[in-house]
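See structure below.
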Amino acid sequence: MTTTTAVRPTPPRPAPPGKRPTGSRARAWATRAPLLPALVFLIVVTQLPFVATLVISFFDWNSLKPDQRHFTGFANYGSVFTDPALRESVLTTVLLTATVVIVSVVLGLAFALLLDRTFFGRGFVRTLLITPFLIVPVSAALLWKHALYNPEYGLFNGVLTWFGNLFGIESIAQPEWTSEMPLMAVAAALVWQWTPFMMLILLAGLQSRPAEMMEAARLDGAGPWQMFRFLTLPHLRRYLELGVLLGSVYIVQNFDAVFTITAGGLGTANLPYTVYETFYRAHEYGLASAVGVVVVIGTVIIATFALRVVSSLFREEASRA
Amino acid sequence: MSASTAAPNRTRATSKAPAPTARARRRTTVLGLTAWAVGIVFCLPALWMVLTSFHSEADAATNPPSLAASLTLDGYRTFFGGGGGPTPWPPLVNSLTASLFSTLLVLLLALPAAYALSIRRVSKWTDVMFFFLSTKMLPVVAGLLPIYLFAKNTGLLDNIWLLVLLYTSMNLPIAVWMMQSFLADVPVSIIEAAQVDGAKLPTVLGRVVAPVAAPGIAATALICFIFSWNELLFARVLTGVVAGTAPVHLTTFVTSQGLFLAQLCAASVVVSLPVLIAGYAAQDKLVQGLSLGAVK
């Protein structure tokens with residue numbers, strides 16, 4: 001009930017339309033009109049709920065004990081940073097995001113370099129490399145959990161047995177992937193899905209290198225490594241930044257892989273999963289909202305950098321056009 | 001398998017200086033083969049998924065894996081309710097409804113907005129663009145609980161149309177950014193020329209703008225479709241038996257089965273098929289959509 005009332009207060013204003021003395025106001029509104037439905041829709045559906053989350057985060061509110069709901073100030077935020085389980089999920093989120101982003105950027109760069117030349121079947125290889133990104137995330141997570149990681153009949157241990165038989169090793173290791181290295185198991189599945197994303201961005205970066213510059217360097221006798229180190233890498237810098245930042249924004253929010261592969265167990269619960277768990281299972285609405293707000297603050301920090309990179313690329317495009 | 005083990009040795013054969021053509025050609029061949037090997041190894045889990053989906057349950061669960069086992073459609077038959085289990089049609093129809101209608105709604109809202117941001121620009125249009133983008137940076141969990149409570153109090157819980165609205169808001173910023181960059185590609189001169197010739201706005205949009213921007217609009221629609229189809233968190237929290245989507249169905253049907261690997265792979269193939277088709281179709285514009293129009 002309170003949410004509906006909490007939702008009502010005035011929405012945060014969108015970027016106010018500029019007041020330039022351009023003739024009649026009616027004309028200006030006619031120009032703005034096509035923009036309004038989309039703006040209003042987004043504000044109502046994305047900004048208002050967040051305002052409500054902010055309000056709820058200041059309440060001690062468990063939906064199983066609705067009459068004990070009361071205002072607690074910053075107590076929920078205190079719990080977020082003192083509760084060891086919640087603090088661990090902050091750490092898990094950072095670790096998981098960093099691992100996935102770094103590994104997939106490095107792999108993506110290697111793949112992009114391989115694709116940045118003509119060879120027989122290039123289009124087909126590109127399609128092969130994009131495919132993991134086009135598997136529905138839940139399917140991919142289930143595939144890794146059951147068909148690859150399963151200790152008895154998963155592909156990984158199956159291949160190990162195979163090698164064992166090949167080289168006559170009787171008792172080759174058969175690790176329980178998801179319980180012995182849970183976080184790495186989740187990370188590997190995510191790397192598999194996100195490497196194509198990085199590859200596509202970096203490939204676009206490679207292909208936007210000025211051809212004359214590369215040719216001139218080659219004629220001056222620069223070797224492949226020198227060309228990569230002093231021409232390609234500096235040119236790719238902003239594409240790398242973009243990949244890292246957008247990847248971080250998406251992966252910080254990941255829910256599917258954690259939910260499916262380990263169900264948040266064994267220290268793999270990241271913040272989005274913890275929010276889900278806290279409100280959906282533990283019914284701690286106030287606490288869940290506080291965790292949600294912390295996620296938002298974290299994302300905003302990364303996103304500010306992301307926006308800066310996007311805007312510099314954007315301006316470059318705009319000035320070129 | 002043999003290709004992947006052979007590959008690392010060959011990459012070292014790369015030459016340094018501008019080499020004679022024979023050497024350069026050999027280098028191209030070697031790197032081409034490496035790319036092929038990498039592509040196949042990287043895609044192997046997906047290929048394995050497809051292969052397993054055509055195996056019988058007994059053949060799917062062997063260690064070491066049985067590659068050459070006979071092929072069967074049993075996995076698909078069971079997934080589609082052949083064994084008396086629940087049929088996947090309601091979830092698939094729900095996913096289709098949510099994805100199609102939200103994509104339509106996104107286009108309806110984003111096209112006029114993109115027009116006002118590219119062709120007849122409002123003042124401070126870049127600020128508006130970045131406002132759209134900033135909403136995309138707001139994590140789903142930021143509004144999950146209020147949306148859940150709102151749905152509960154208004155009886156919209158387990159209603160597919162709520163997902164349609166949420167997916168629309170999820171994709172709208174991406175669509176506005178992509179579409180803005182596509183519409184900005186339409187030369188202003190031809191629009192002005194049409195107007196000078198006395199064409200009214202609908203004619204200009206339909207005859208001049210649409211043909212140029214059509215491929216971009218199609219790619220935007222495909223990308224929005226993919227994101228809606230993939231979504232799990234909203235669907236998981238806000239739907240139940242009636243409006244559950246295909247990803248939700250995937251997470252629930254696994255638990256109760258005994259031997260299920262072939263069936264699981266068949267299900268994954270079926271559910272991923274629309275995304276694969278849409279993704280391959282939009283391949284060239286995929287980067288632009290995913291980087292929110294920053295990379296062309």
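Here the Cβ of each residue, glycine as well, is placed from N, Cα and C on the backbone.
For reference, TrEMBL has these:
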type	residues	note
REGION	A:1-24	region 'Disordered'
COMPBIAS	A:9-19	compositional bias 'Pro residues'
TRANSMEM	A:35-59	transmembrane segment
TRANSMEM	A:90-115	transmembrane segment
DOMAIN	A:90-306	domain 'ABC transmembrane type-1'
TRANSMEM	A:127-144	transmembrane segment
TRANSMEM	A:183-206	transmembrane segment
TRANSMEM	A:239-265	transmembrane segment
TRANSMEM	A:285-310	transmembrane segment
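Highlighted: of the candidate stretches A:35-59, A:90-115, A:239-265, A:285-310, A:90-115 has the greatest count of Cβ pairs under 8 Å to the transmembrane segment (A:183-206). Counting Cβ pairs under 8 Å to the transmembrane segment (A:127-144), the top-ranked stretch among A:35-59, A:90-115, A:239-265, A:285-310 is A:239-265. Contact between the transmembrane segment (A:35-59) and the transmembrane segment (A:285-310) is supported by 3 or more Cβ pairs under 8 Å, counting only residues 6 or more apart in sequence.
With a threshold of 8 Å between CB atoms, the same-chain residues lying at least 6 positions outside the transmembrane segment (A:90-115) that come near it are 80-81, 122, 125-126, 129, 183-184, 186-187, 190-191, 194-199, 201-203, 205-206, 228, 236, 240, 243-244, 247-248, 251-252, 254, 258, 267-271, 294, 298.
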